[in-house]
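Colleague: Have a look at the structure that comes next, please.
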Amino acid sequence: MSSSLPSHNQPGESSSLLPSNIPTTESASRSQGQQTEQTGAMSEINTLLTGAAFGAALTASGVFQPSVIISQLNFTNFHMIQTFLTAAAGSAATVSIAQALQPNHPNLVPRAASSLGLFGPYDGNILGGILLGSGMMLSGACPGTVLAQLGVGVKSGVYAFAGASLAGVVWSGFLKPLLTQCPTPPKAGSASPSPKATVHEVLGVSKGTLLLGLEAMFVGIVIAAAKFTEVGPEAKIPPYYGGMLIAGAQLLSLVVRGCLVGMSTSYEEVGGWMLGGKLVPEKYRNMLFSAGVIVGSYLLSHGAPKFGEVTDVVVSPLSAAVGGFLMILGSRMAGGCTSGHGISGISLLSMSSFLTVGATFAAGGLMGLLIG
């Protein structure tokens, strides 16, 4: 009787007992590796394209302009609020539908509270929002629009970006570790969600009731602002059309990347990388999204020059740099910015996002009234 399992292989013989058309473990692993590389490359392309769409939407809407942000915060022009509320309303509708289709989607959960352990579970959101709003008024930018300013070529945006980058280094290398080592507060920006993480839970109403109420309120404010106020030359298209474009970019991000937009995390990750941190794919893609914002703004402003026409407003280099520093420090303390909390977080009905946005506009408006 001959053995079916030879004890040694002869030269030129295969050690596989499988038919030749079935891949061996080595070839299967190689094929799986190639598929992983292809998937990773496609993910990076999608991230870049989604960022470009978001940057183009910010540019087309006109909210990237320092004059629009500053005039909103000193209550002389309501272009920004029309765009912002339209984007938030459209994004909330999109997220609500996505949650109904995929109730357990890991990227569609309410944003966590950011606690510093000072005076409550949301103290990081409130204090961070105050710094973010103050920085926006000083710089005429926010963490997302400053990237659009770089793409278009707004001079003050360069100084604001420099201050923002420095804040990313300070936060990653010094403040975040310091807050993490404190015995009482959890890690800023990533605390566990409270039992009542959403506004409808806090108010004791149904999610549908709150969502319909918010949509009606946002639409009402936009209609009133459009009817009773005038916008400046920055509005190449009606501000609410710009908000629809931003909401469309949010939809694209959700469909293509499976997650919502947010900008300030990339500054923290760049800061950590500059301090010698390891650049993992997830962080690389966050920075790639930010790079896409710059590219999209550049392409639109050069392909359609009217969108690159910037209304002059005095923002000194020092003011822009200090404002850029404060807005990133604040957004990381709060665990998000006007994109992550303002558009995405509000869409998730997150309590932390409503508090952050409220503190942001209250502080920015107060500073706008003080400095004009």
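Every residue gets a Cβ built from N, Cα and C, even glycine.
Marked as region 'Disordered' by TrEMBL: 1-40. Per TrEMBL, the feature transmembrane segment maps to 48-69, 126-150, 157-175, 210-228, 240-264, 284-301, 313-334, 346-371.
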Colleague: Looking at 126-150, 240-264, 313-334, which one has the highest count of Cβ pairs under 8 angstroms to the transmembrane segment (48-69)?
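Modeller: Between the stretches 126-150, 240-264, 313-334, 240-264 has the largest tally.
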Colleague: At a Cβ cut-off of 8 Å, and with pairs 6 or more apart in sequence only, do we get at least 3 pairs between the transmembrane segment (157-175) and the transmembrane segment (284-301), yes or no?
Modeller: no
Colleague: Using a Cβ cut-off of under 8 Å, list the residues of the same chain at least 6 residues beyond the transmembrane segment (284-301) that approach it.
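Modeller: Residues 43-44, 47-60, 64, 144, 147-153, 261, 263, 265-266, 269-270, 307-308 contact the transmembrane segment (284-301) from elsewhere in the chain.
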